[in-house]
Amino acid sequence: MSAIPSSEPDLRLPLLSSLEEPARKPEKGPDVQKLTIDDMLQKHCGEFGTWQLRHFVLTCLAWALEAFHTMVMIFADREPEFRCLGSGCDEMAKSVCGFEPGSWDWVGGAGSSTVAQWGLVCGEKDKVGLVQAVFFGGCMIGAGTFGHLSDSTLGRKGSLTVVCLLNAVFGCLTALAPDYWTYLLLRLLTGFSTGGVGLCAFVLATEPVGSSKRGAAGMSTFYFFSTGIAMLSGIAYIFPSWRELYIASSIPSILFLVIVLPFISESPRWYLVRGRINEAMALMRTIAKSNGKHLPDGVVLALDEDVNESSVNDQSDKQGFATKEAITGSVVDVIRSPITRIRLFLAVAINFMCSVVYYGLSLNVVNLDTNLHLNVVLNAVAEMPAFTITALLLDKLGRKPLTIGTLWFSGFFCFAGCLMGGVGIWKVVRMICGILGIFGMAGTYNLLFIYTAELFPTVVRNVALGCATQSAQMGAILAPFIVVMGGALPFAVFASCGFVGGLLAFYLPETLNRPLYDTITGMKEGEGGLSGV
């Protein structure tokens, strides 16, 4: 074989050199950093900036709608004043029972309330209480139904859209009710949709908020409910007819659907647990941009159970984050897990007792010596200081100590109320005890929404909150029956509920500055696998 001329290039050299030199490593793609939503909000997007403030206010307007549909019965089902038309009527009497037919008439006419419309007085008076019980029964069913739907197929925003639409339809149809039983059915249906309004609005408003700001934000949601009650009083003053009132109180739901809802976003946490990472990331970029922040490339959302995995370097793996199998949960999953099962039992029991006291004291408190509309306004405004004080102490004392403290505060004054007589100065002291009791329980009622939401992971958060809301509605149904007992017994029952509720709260874990977990597995890992908290 002849030698290769030196003037020609050695074609074997590239091949030989490639064999002799070690193989070069492929160039790495950019590292992908996995972050939970809480970490991403804290590091890159802002925990409560311009975007969260606007979204929070718009979403919480739904609380005012819930107040309209819940408290409208105060005015629509009231017993109006009467006037005498002739003999057989006593103007000094407190009731028209026993009056001769035609000797009296309702002030404002038969259309002033449902009581005047269908004669729900004397032997028929219990039908008014039945309407209230049926409404809260509907709320109980609706809370469970939409709690599940908002965690699964509909999402938070989708569920809020449905309940507001149903509220508008059922509210307007109620104004056309031809008889009592149709009215009762429509109030049941309105309760069914109303039961999901506050539930969906609360979770949707607070989930995009960072952990350090979430407590104060959650406590502020109830200002919208109290404001809605005060606004309803003004609406009822302008529209004294019960049929007109139902239409006037339902129109805001239509306006909310058309004007407000298009500017509300779905929860990024729901997107995440449903495996829709692209939508979640797009929303987080929007939040960061609106807050004057920057979300860097190479950062991706992940469930808390996935965050501890090794970083992904391959670009194709990065693209794999765009879609992931949806994770769903139900009340069965909550019960199966020891850590969430115990929390659910405690949350349900405490919410039930709190509701019995809150609604019971609202019905049992001595009325102010003013007209009905002013009474409602003052009662609504009186709750606001409790919300403020609780919000200020929430991040200082923590959820658990504050829950125990407010429950025992209310229980103490209810116990003092049952020891007071019903005459003279003791009657005034009992009234003050009742006011202080509802003051403490209003703070607890507010706090329990936040506490319950933080006790459960995203995948079952609304399901668990729905169960707690259902138990609260059951307490609301039973409260009027306790009040009927009269005397000191209602105060004794309310005191027992406050004390026992505080004892049960001892077994709940503290959630202050703890992350909102995404899955039950992530919660087990984050809580160290403890089953008793």
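Each Cβ is built from the backbone N, Cα and C atoms, and glycine gets one as well.
Note: TrEMBL annotation is automatic and uncurated.
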Feature transmembrane segment in TrEMBL, mapped to one of the ranges 56-78, 217-239: 217-239
Stretch in 184-205, 344-361, 406-426 most in contact with the transmembrane segment (159-178), if contact is a CB pair under 8 A: 184-205
Positions whose Cβ lies under 8 angstroms from the transmembrane segment (432-451), at least six residues beyond its ends: 202, 206, 214-215, 218-219, 221-222, 347, 350-351, 354-355, 357-358, 361-362, 364-366, 382-383, 385-387, 389-390, 394, 399-400, 402-403, 406-407, 409-411, 413-414, 416-417, 420, 465, 468, 491, 494, 498, 501, 508, 511
